[in-house]
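To start, the structure itself, in structure tokens.
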Amino acid sequence: MYRVKFKRLPGSEDIQLPQKMSEWAAGFDLHAAVQEPVTLAPGMRQLIPTGFAMAMPPELEAQIRPRSGLAYKHGITCLNSPGTIDADYRGEVKVLLINHGQEPFVIERGERIAQMVFQVVPHVDIEEVDELPDTVRGEGGFGHTGK
Ligand SMILES: O=c1ccn([C@H]2C[C@H](O)[C@@H](COP(=O)(O)OP(=O)(O)OP(=O)(O)O)O2)c(=O)[nH]1
Ligand SMILES: [Mg+2]
């Protein structure tokens with residue numbers, strides 16, 4: 001079990017902190033901390049505040065992912081999916097939504113707009129070399145094994 005600290009930001013006291021909607025949900029739903037309803041016209045993107053900042057242990061990252069219901073019903077998704085929240089980021093968590101649908105979509109204050117999934121991220125040291133170890137695959141890729 002990892003402990004992650006959440007801090008509500010000024011003006012967002014009424015916004016629900018990220019919340020799991022079922023016991024074993026992978027994601028914590030994120031709520032829109034928009035002051036006024038925001039209308040996303042078809043094809044448009046908007047950075048939506050969530051009203052909180054957080055601090056997690058350095059072995060974690062958090063991914064911001066779309067909600068499938070919004071994607072299926074309205075074409076609303078995260079443009080940079082999955083968004084990456086670094087363990088050392090202390091700014092407000094924001095969600096970059098895009099409307100891939102045909103209709104304008106209104107985001108109301110407090111609405112659940114995306115979800116956040118925590119992951120353990122291996123920290124890696126880079127070593128520059130002249131030769132890489134051989135493999136059977138070699139440089140084959142991008143469908144070289146067939147359809
Ligand atoms: O959907 C997202 C993606 C990122 N961030 C915040 C947290 C993350 O730690 C920071 C930087 O994100 P990223 O590394 O993806 O963006 P960048 O363009 O590389 O910016 P930077 O130069 O600040 O790292 O922005 C969000 O709030 N929401
Ligand atoms: Mg970056």
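The backbone N, Cα and C atoms fix where each Cβ goes, glycine too.
Summarising the annotation, TrEMBL assigns substrate binding site to Arg67, Ser68, Gly69, Asn80, Thr84, Ile85, Asp86. A sphere of 10 angstroms centred on the C-beta of Asp86 (substrate binding site) encloses 12 other C-beta atoms.
According to TrEMBL, the domain 'dUTPase-like' annotation covers 15-146.
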State the count of C-beta atoms found within 10 angstroms of the C-beta of Arg67 (substrate binding site), not counting that atom itself.
19
Which binding-site residues, if any, among Arg67, Ser68, Gly69 have a Cβ under 6 Å from ligand 1, given in order along the chain?
none
Measuring CB to CB from Ile85 (substrate binding site), give everything in the same chain under 8 Å that is also at least six residues away in sequence.
Met54, Glu61, Ala62, Gln63, Ile64, Val93, Met116
Using DSSP with the three-state reduction, classify Ile85 (substrate binding site) as helix, strand or coil.
strand
